[in-house]
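**Student:** Dumping what Swiss-Prot says about this protein:
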DOMAIN    2-119  domain 'Response regulatory'
MOD_RES   D53  4-aspartylphosphate
DOMAIN    146-329  domain 'CheB-type methylesterase'
ACT_SITE  S158  active site
ACT_SITE  H185  active site
ACT_SITE  D278  active site
Amino acid sequence: MRVAIVNDMPLAVEALRRSLAHDPELSLAWIASDGLQAVRRCAADLPDVILMDLMMPVMNGVEATRLIMAESPCAIIVVTSDVLQHTSLVFEAMGHGALDAVDTPVLGRGDPKAAAQRLLRKIRNAGWLIGKKTVALERTTAMASSDTDAALVVIGASAGGPPSLAAVLRALPASFPAAIVLVQHVDAAFTSGMAAWLNEQCVLPVRLASDGLRPEAGVVLLAGAGEHLVLGAERKLHYTTEPRESVYSPSIDVFFHSVAQHWRGRAAGVLLTGMGQDGALGLKAMRERGFFTIAQDRATSAVYGMPKAAAALDAACEILPLGDIAPRLEKVFAPPANPLFN
């Protein structure tokens, strides 16, 4: 894969160059010292992956990400010093389509190869996405529905997800009768901050999903990172390392499949903006189980990858612009029960 570096600090550039050298499948495409240079270089020579700094002269990484994803879209990973000190900027960049974020490796500290591994792992994950490689998951066998009135909304998102999730949650009232579980591709370092940030964006309470917790009406749970979130037969949430071959942990497909298999009440699945195909097969499984499913439309998706894959599989009952998703969910779960679930 051809990787470009966008960073104005010579030491950071050298650290990134040395990190890339540890993987023979990676080559350096070009280096830009500010966001504007990166936008122009992408227009002339599009790399497979961009390692984008945030704080740079002329044009910062957030604005550069926005312009690149609008004009010459490719996989972008935010790589900056101390990402936790720039959480709001990271979420803003992800809102424009950046896939992930990681600290810049530091020269002269510990084993250089070990220090590079976290960055290289994220680059490889991006490679899986742009290569459109997917992990085959077994189709689930639907369990018979019970008479319970429990209602559940599950939402998956990746690149461009944080502001899209906020937009959906912000439009839902405090009286929304369904439990909500979110699966967002994000580094483990950001999950607590993202839950707190989303909690400030809406009237519904948002917190991290903990092992053994049951989804609760009117409460939003965000999947933690590093392991897959699944719904068990007893309707409790659990974390698991299987399947290990999945590109992202948590995987949207893994969670959606578990919902299709074990949830016995009413449910709706929503697949938002994101690169790759994660979630498309799981959304299809939910639709085949009889649940209502939505995919975000092309026009309002920061990255039209996952929703596009869902549309191609006929996994979505409806394809909607972002602003119409929350009102549709309100109608679906409004009393009396929607005929779609009868």
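Each Cβ is built from the backbone N, Cα and C atoms, and glycine gets one as well.
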**Student:** Roughly how many Å lie between the Cα atoms of H185 (active site) and S158 (active site), rounded to a whole value?
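**Tutor:** About 5 Å separate the Cα atoms of these two residues.
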**Student:** Rounded to the nearest angstrom, how far is the Cα of S158 (active site) from the Cα of the residue listed as '4-aspartylphosphate'?
**Tutor:** 20
**Student:** Which numbers of helix, strand and coil residues does DSSP report for the domain 'Response regulatory' (2-119)?
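**Tutor:** Counting residues by DSSP class gives 54 helix, 25 strand, 39 coil.
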**Student:** Whole-number Å only: compute the distance from the Cα of D278 (active site) to the Cα of S158 (active site).
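**Tutor:** Distance (Cα to Cα, whole Å): 9 Å.
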**Student:** Select the most exposed residue of D53, D278, where exposure means the fewest other Cβ atoms within 10 Å, treating these as the recorded positions.
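**Tutor:** Candidates: the recorded positions D53, D278. Fewest Cβ atoms within 10 Å: D53.
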**Student:** Find the average pLDDT over the domain 'Response regulatory' (2-119) in the predicted model and report it.
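**Tutor:** On average, pLDDT over the domain 'Response regulatory' (2-119) sits at 92.
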**Student:** What is the total of other Cβ atoms whose distance to the Cβ of S158 (active site) is within 10 Å?
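**Tutor:** If we count other Cβ atoms within 10 Å of S158 (active site), we arrive at 29.
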**Student:** Return one of helix, strand or coil for S158 (active site), based on DSSP.
**Tutor:** coil
